[in-house]
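The block underneath contains the structure these notes are about, expressed in structure tokens.
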């Protein structure tokens with residue numbers, strides 16, 4: 001892969017030096033808020049973070065060029081600043097309070113150590129919530145090495161806290177593309193340690209192992225994949241007969257798909273847009289590309305705030321759902337000139353093309369809620385006739401020769417993880433599902449899983465959901481023997497057939 005673009009900070013200059021001074025001299029209320037947020041380098045919603053430390057953004061040395069050691073004398077990690085570990089520990093403790101299901105799984109299974117002997121190499125977003133998952137896996141007996149699946153979503157202080165406890169972490173916020181693959185390589189390629197489980201989000205780690213270290217698969221018992229994008233890549237491998245280990249599709253387990261994709265995006269789309277642009281949604285014309293679970297979540301939230309929402313869709317079933325939910329289904333090229341906000345969540349590529357970007361009106365906001373940065377053709381905007389102006393952390397104004405500006409958020413990468421936070425409770429559901437999938441694959445007897453992609457057994461989905469009910473003081477009704485017999489069910493579940501769609 002060619003790395004044409006250097007570090008983003010070098011690429012995107014303020015239009016001139018005075019603008020930059022002007023920007024820092026009189027920060028508006030919004031500017032002040034975003035400045036403190038970029039100082040903290042944290043993607044968490046903790047306003048204490050600005051006060052806690054300010055050294056992270058001043059230090060421009062690449063973490064790869066720094067020699068750092070944790071308090072146990074280990075240097076097998078690469079993070080922005082190991083000194084932030086104590087602050088990161090506080091973030092993790094806050095996350096734990098809202099992830100009671102994962103903590104209760106940790107307590108229940110700690111004695112029997114179901115992951116003893118597991119060597120897990122992981123590539124996910126590195127946030128306080130995933131840290132709770134990683135520390136749960138360690139408590140259940142696993143050894144872990146971890147890297148980030150997104151160059152912007154890492155919370156530096158959390159990565160430092162994990163490195164301090166002895167988990168080799170290779171990640172920092174604002175990596176270059178070259179750094180990204182270097183980190184993955186350092187995770188996989190280490191002397192005297194070979195992974196036997198893979199936890200992936202987006203499929204990049206799996207892709208790298210296939211490309212560079214195919215022999216690793218001789219030892220790997222299974223892959224657990226979390227995202228639509230990664231699952232799609234696994235099914236492609238399976239179809240081509242190249243999948244040489246069993247894989248667990250966590251994305252399509254009900255507890256992940258409905259909760260993470262639908263309910264989580266319903267809350268975080270507004271959060272990401274408000275923090276970056278302070279936009280007022282009432283009466284705005286918004287087009288959402290894709291009406292899957294993510295699209296449905298985004299549209300519900302936007303509609304509730306009075307935005308006028310229309311949808312683009314390729315699938316007649318999703319399109320009909322959108323129509324029944326009261327949205328117009330259109331082609332992007334028909335409405336692009338009128339739109340105030342364009343949001344992509346298809347998992348596809350080139351959904352918003354250069355030609356469409358050229359036709360957008362002045363001030364149009366463009367962002368992506370899908371996993372990878374392929375949906376908006378950002379590469380086509382890096383051309384000499386267009387000027388890029390970084391106005392805030394993760395906000396670029398792209399200026400056309402006639403003065404038109406399009407506002408691009410997070411360079412077309414995942415908006416909610418780059419520019420805001422994701423509700424911890426929802427991530428607890430996904431993380432518990434991932435932990436159970438790892439336990440299931442690692443302990444499965446020989447032959448239970450072939451070289452194919454599997455869904456988590458429904459019994460496990462129900463178990464994950466039941467672990468989260470105490471948070472709401474919810475009380476489940478129990479079937480009587482007579483009712484169970486009438487329905488042909490076991491009193492303890494599973495309660496629905498495999499083909500049931502929730």
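Using the three backbone atoms N, Cα and C, a Cβ is placed for every residue, glycine included.
According to TrEMBL:
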- 127, 201, 226, 256, 260: substrate binding site (BINDING)
- 292, 293, 294, 295, 296, 297, 313, 416: NAD(+) binding site (BINDING)
- 9-23: compositional bias 'Basic and acidic residues' (COMPBIAS)
- 36-55: compositional bias 'Low complexity' (COMPBIAS)
- 261-422: domain 'S-adenosyl-L-homocysteine hydrolase NAD binding' (DOMAIN)
- 1-73: region 'Disordered' (REGION)
Quiz prompt | Using Cα positions only, nearest of the binding-site residues to residue 295 (NAD(+) binding site) (127, 201, 226, 256, 260) | solution = 260
Practice problem: Taking the Cβ of residue 260 (substrate binding site) as the reference point, list residues of the same chain whose Cβ is under 8 angstroms away and which are at least six residues distant in sequence. | Solution: 426, 427, 429, 430
Quiz item: Over all shown protein chains, what is the count of other CB atoms within 10 A of the CB belonging to residue 127 (substrate binding site)?
Solution: 26
Quiz item: Around residue 296 (NAD(+) binding site), how many other C-beta atoms are within 10 angstroms of its C-beta?
Solution: 23
Quiz item: Among all the protein chains here, how many other CB atoms are within 10 A of the CB of residue 416 (NAD(+) binding site)?
Solution: 26
Quiz item: What same-chain residues, at least 6 away in sequence, bring their CB to under 8 Å of the CB of residue 313 (NAD(+) binding site)?
Solution: 290, 291, 319, 322, 329
Quiz item: Quick one: Cα separation, residue 201 (substrate binding site) versus residue 292 (NAD(+) binding site), in Å?
Solution: 18
Quiz item: Which of 292, 295, 297 (the binding-site residues) has the most other Cβ atoms within 10 Å?
Solution: 295
Quiz item: Across all chains shown, how many C-beta atoms besides its own are within 10 angstroms of the C-beta of residue 201 (substrate binding site)?
Solution: 26
